[in-house]
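Heads up, here are the entries from Swiss-Prot:
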- 1-16: transmembrane segment (TRANSMEM)
- 17-26: topological domain 'Extracellular' (TOPO_DOM)
- 27-48: transmembrane segment (TRANSMEM)
- D81: active site, 4-aspartylphosphate intermediate (ACT_SITE)
- D340, D344: Mg(2+) binding site (BINDING)
- 396-417: transmembrane segment (TRANSMEM)
- 418-422: topological domain 'Extracellular' (TOPO_DOM)
- 423-445: transmembrane segment (TRANSMEM)
- 462-482: transmembrane segment (TRANSMEM)
- 483-507: topological domain 'Extracellular' (TOPO_DOM)
- 508-528: transmembrane segment (TRANSMEM)
- 541-561: transmembrane segment (TRANSMEM)
- 562-570: topological domain 'Extracellular' (TOPO_DOM)
- 571-591: transmembrane segment (TRANSMEM)
Amino acid sequence: CSIAVGMIIEIIVMYPIQHRKYRPGIDNLLVLLIGGIPIAMPTVLSVTMAIGSHRLAQQGAITKRMTAIEEMAGMDVLCSDKTGTLTLNKLTVDKNLVEVFAKGVDADTVVLMAARASRTENQDAIDTAIVGMLADPKEARAGIREIHFLPFNPTDKRTALTYLDGEGKMHRVSKGAPEQILNLAHNKSDIERRVHTVIDKFAERGLRSLGVAYQEVPEGRKESSGGPWQFIGLLPLFDPPRHDSAETIRRALNLGVNVKMITGDQLAIGKETGRRLGMGTNMYPSSALLGQTKDESIASLPIDELIEKADGFAGVFPEHKYEIVKRLQARKHICGMTGDGVNDAPALKKADIGIAVDDATDAARSASDIVLTEPGLSVIISAVLTSRAIFQRMKNYTIYAVSITIRIVLGFMLLALIWKFDFPPFMVLIIAILNDGTIMTISKDRVKPSPLPDSWKLAEIFTTGVVLGGYLAMMTVIFFWAAYETQFFPRVFGVSTLQRTATDDFRKLASAIYLQVSTISQALIFVTRSRSWSFVERPGLLLVVALIVAQLVATLIAVYASWSFAAIEGIGWGWAGVIWLYNLVFYFPLDIIKFLIRYALSGRAWDLVLEQRIAFTRKKDFGKEQRELQWAHAQRTLHGLQVPDIKLFSEATNFNELNQLAEEAKRRAEIARQRELHTLKGHVESVVKLKGLDIETIQQSYTV
């Protein structure tokens, strides 16, 4: 748009008003067209994303859709599975806690029956844990002949084995979700209450329950329904949290990403896992998503607000995941969703960033945007940081490209209209080639990822670009005026004059303007790539080398080149030194202008710059971390991970309000203290479970 406006103004002024010749007018229009269009933008952005995608793949996150990198940089909510992502998915069973429900059956028999209902090859985590409890895995099929095995499926939620014993009698065993196994039992009404009591007891300790049932098949055919099912026992399954999950969740909160646990397990298990991981226990059953909860404390809350504030949901089915994503997106959140099953595909497709976890099904991988090759939450958070670094490079270049477009269009338009200076189009082409070749290296530049979710803030990008570009254009206009209209440079530095003459052909002046525009334009990238002073944040080596080479070439051209076809003549090393000094002096205000723009857009421009003098503070990065982590601090406070330390009241606050605030602060402090204690206790219990020790004995021996 700016290029079109500049060309229209030039056409109107040069031909009807100034009556310029046809050819010089076309040359001036070409200068705006060649120099103003950011020709390298598609290449730079594509190469940056391609290199970033390769980097993500090295970290264990394969990107299927390039634009997912931008969306992951802006992700502020991550809905994560519990099993395998937050936990190890390496189950253990405590035989001492096995509950027996049938007469004449002991815990060893329950384990054996569960092992018979398990695969001996291509095992999942549950099968591995159950069969691993036997002294010899071969015992699972010892003395029997397998007739038919029913694998697990999301509908039945159980496995079953039909087999013949040594006497030729047919039997059938099944293991799976307790509710499904309980529905098979002939005496369901008699044992239902006790079964639920045991399940709740296990859940309060973070243990999942696995039901086991047995029946005889007197007909001797695998298709027959068989005799009555006997519910013989419940096995407790412990899935320990990953050693890095708690720290990863804290990192996510500090990065402005709110992690929500989405699990199909019971609510008590979800809360216990959340307590151990320090991610909060503000979790709700899936019925709350449909407004069917019996909890009066949340019945009045809108479902959208409930989902936004919850730490997680339990008892979730795939259709619930889709609903969660849809409602979070309606609240203007950039939402990521993890999944592994066929039924997760709709939610993965709906999410802004669908993430197929390690060992996901082909359907889940197909519907996702990113496929993980490593388990755990840490690989996702690492991918978020890498995505933000990639996005920061693209954002830096975009601001640079806008600035250069404005400075070329405005600067050369003013020179052409005020002094009728016809800059050679060929030299603009040289500037574009050198600048674009240098800027290609930004795809591997060293940058600091944004500490908060980032996105394309067009107001910031265009405002910064227009102001910086306008400043650079004025630099060029002032330099031209000083060199062409005055004797300032010859008088101060002793160089030859470029002042207006009767036979002026602008050849040396064109070389001087070329060097001035080329050097300061390339130096601008150091301003746009940094959040603080440009000379504080160290750039990548490749960018520095490319800049030095390009500037050396530009300087040699300006000093020695006398090209009649380009209408330039060498200006010598004296003028080259003057131009470098001029650009260096006017370079430093660029950082100050950048700070002023940033503070103006934040809505707190003048009080920060003039009163608090943030731009001139001695704090590292000008207090950047303190300001940008305020949002993350608020999120951690909401989760009870720390006590708020901001000033909660003004001088006009009355005593009643002070008392209320004091009580609230006391309550939050107690919540934070209890959460830390629970988290520590959870770590201890996890270690005890993994070591196979007696938890009751250990609890008597340690205190928190």
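Cβ coordinates are placed from backbone N, Cα and C, and glycine is handled just like the others.
Remember, predicted model here, so these are calculated numbers, not experimental data.
Situate these features within the shown structure.
If you look at the transmembrane segment (1-16), the same-chain residues 6 or more away from its ends with a CB under 8 A from one of its CBs are 24-25, 28-29, 32-33, 36-37, 405-406, 409-410, 413, 416-417.
Cβ atoms under 8 Å from those of the topological domain 'Extracellular' (17-26) belong to residues 10-11, 417, 420, 422 of the same chain, restricted to positions at least 6 beyond its ends.
Within its own chain, the transmembrane segment (27-48) has Cβ neighbours under 8 Å at 2-3, 6-7, 10-11, 14, 390, 393-394, 397-398, 401, 404-405, 408-409, 412-413, 416, 422-425, 428-429, 431-432, 435-436, 439-440, 442-443, counting only residues six or more beyond its boundaries.
Other Cβ atoms within 10 Å of the Cβ of D81 (active site, 4-aspartylphosphate intermediate) number 24 in total over all chains.
In sequence order, P318, K321, M337, A364, A367 are the residues of the chain that are 6 or more apart from D344 (Mg(2+) binding site) and have a CB within less than 8 Å of its CB.
If one looks beyond the transmembrane segment (396-417) by at least 6 residues along the same chain, the residues whose Cβ comes under 8 Å of a Cβ in the stretch are 2-3, 5-6, 9-10, 13-14, 18, 28, 31-32, 35-38, 40-41, 44-45, 48, 423, 428, 435, 439, 442, 445, 447, 461-462, 464-466, 468-470, 472-474, 476-477, 480, 513, 517, 521, 524-525, 528-529.
DSSP labels the residues of the topological domain 'Extracellular' (418-422) in these numbers: 1 helix, 0 strand, 4 coil.
Cβ atoms under 8 Å from those of the transmembrane segment (508-528) belong to residues 396-397, 399-400, 403-404, 407-408, 411, 415, 421, 423-424, 427, 430-431, 434-435, 438-439, 442, 464, 468, 472, 475-476, 479-480, 483-484, 496, 498, 534-535, 539, 543, 547, 550-551, 554-555, 557-558, 561, 567-571, 575-576, 579-580, 582-583, 586-587, 590-591, 594 of the same chain, restricted to positions at least 6 beyond its ends.
Within its own chain, the topological domain 'Extracellular' (562-570) is flanked in space by residues 424, 426-427, 505-508, 510-511, 514, which lie at least six positions past its ends and keep a Cβ under 8 Å from the stretch.
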Quick one: what's DSSP say for D81 (active site, 4-aspartylphosphate intermediate), helix, strand or coil?
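Looking at the DSSP assignment, D81 (active site, 4-aspartylphosphate intermediate) belongs to a strand.
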Restricting to CB pairs under 8 Å, which listed stretch, 423-445, 462-482, 571-591, is in contact most with the transmembrane segment (541-561)?
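Result: 423-445.
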Using DSSP, how many residues of the topological domain 'Extracellular' (17-26) fall into helix, strand and coil, respectively?
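Split by secondary structure, the topological domain 'Extracellular' (17-26) comes out as 6 helix, 0 strand, 4 coil.
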By a Cβ-Cβ criterion of under 8 Å, what residues six or more beyond either terminus of the topological domain 'Extracellular' (418-422) are in contact with it?
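Distant contacts of the topological domain 'Extracellular' (418-422): 18, 20, 24, 27-28, 477, 480, 484, 506, 509, 513.
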Within the topological domain 'Extracellular' (562-570), count helix residues (DSSP H, G, I), strand residues (E, B) and coil residues, in that order.
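DSSP composition of the topological domain 'Extracellular' (562-570): 0 helix, 0 strand, 9 coil.
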How many Å lie between the Cα of D81 (active site, 4-aspartylphosphate intermediate) and the Cα of D340 (Mg(2+) binding site)?
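Per the Cα atoms, D81 (active site, 4-aspartylphosphate intermediate) and D340 (Mg(2+) binding site) stand 9 Å apart.
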Below 8 angstroms Cβ to Cβ, which residues of this chain, lying six or more residues outside the transmembrane segment (423-445), approach it?
27-28, 30-31, 34-35, 39-40, 43-44, 47-48, 51-52, 393, 396-397, 400, 404, 408, 412, 415-416, 510, 513-514, 517-518, 521-522, 525, 529, 539-540, 542-543, 545-547, 550, 553-554, 557, 563, 565-568
